[in-house]
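Engineer: Annotations for this protein, taken from Swiss-Prot, read as follows:
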| type | residues | note |
| --- | --- | --- |
| BINDING | Asp75, Gly76, Asn148, Glu149, Asp178, Thr189, Ala190, Tyr191, Asn192, Ile193, Ser194, Gln247 | NAD(+) binding site |
| ACT_SITE | Asp75 | active site, proton acceptor |
Amino acid sequence: MILMQPLSSLSKVGVILRPSSPSLKEFFLQVRSLFEREGIEVMLDSISGGMIGIYGCDFQRLCSESDMLVSIGGDGTLISVVRRSYPYGKPILGINMGRLGFLTDVRQDEVEAFVQKLKAGEYRIDSRLMLEGELSSPKGTQRFFAFNEAIVTRRPISGMIHVKASIGEEPFNTYFGDGLIVATPTGSTAYNISAGGPVVYPYSKNMILTPICAHSLTQRPLVLPSEFEVELEMLEGEFANIVVDGQEIMDFGYGDRLRLKVAERPALLVHKKEHNYFQVLREKFSWGDA
């Protein structure tokens, strides 16, 4: 789903910088000046502020008071901001300072012109499906949200793992191998594609299940509609890990259960009006090159 309507007003933005990058101070000052020139107030989160020696506010206040969040870094920074700010439902603009820039499509040299377009309402807001996870174990229940994927994976020096998968209350498969990826359409071009999973249009409402190095030639990726809930259970073998968007890790042991479903609300990403997903695929993956 694509939301073509911009915000009714844009008076304040909250900025989050890529961690461990104090060299971003000069660029942040430039970005702040560009927004302020358009009459838009700029807030900075406290962790970013401490990194570059400028006052910042706590993340909760930043999200609550801002009309839009601005992530300055790479795709990893944007994903972190999406996950942390998800309860607040704010649209997020990604300025690309990284290598890939699959999600952060505004380059450094485009910022000045794009800030003017933001003020004029000449942009679009895309909605991206999120996953909601619930891990039940003897330690209790942990809930989380995933933007790209949740992965059940063996530990670095352990053997293969055995995972039972059910759709709703119906068991449908067991996976024996290095792990299993449950990805969103947005995450289909991340770890999922490296493991042989399909590319799924990011505005589709699906979940993708892709085995990692399965010990069977018949184990293949599966695309499910969004109304299904997937339950994963460890059957035997050593402890495994659950890795969420490459940024959060949890233990997953014998008898533990992981439930995954499509979250009630999507994440909101700010893009140029002319943003074209298939053009991004061609450029980032070098598709069509002779």
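Heads up, the Cβ atoms here are built off N, Cα and C, so glycines get one too.
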Engineer: Provide the number of Cβ atoms within 10 Å of the Cβ of Asn148 (NAD(+) binding site), excluding the reference atom itself.
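Structural biologist: By my count, 28.
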Engineer: Far apart in sequence but close in space: which same-chain residues, 6 or more away, have a Cβ under 8 Å from Asp75 (NAD(+) binding site)?
Structural biologist: Gly94, Gly98, Leu100, Gly101, Phe102, Leu103, Thr104
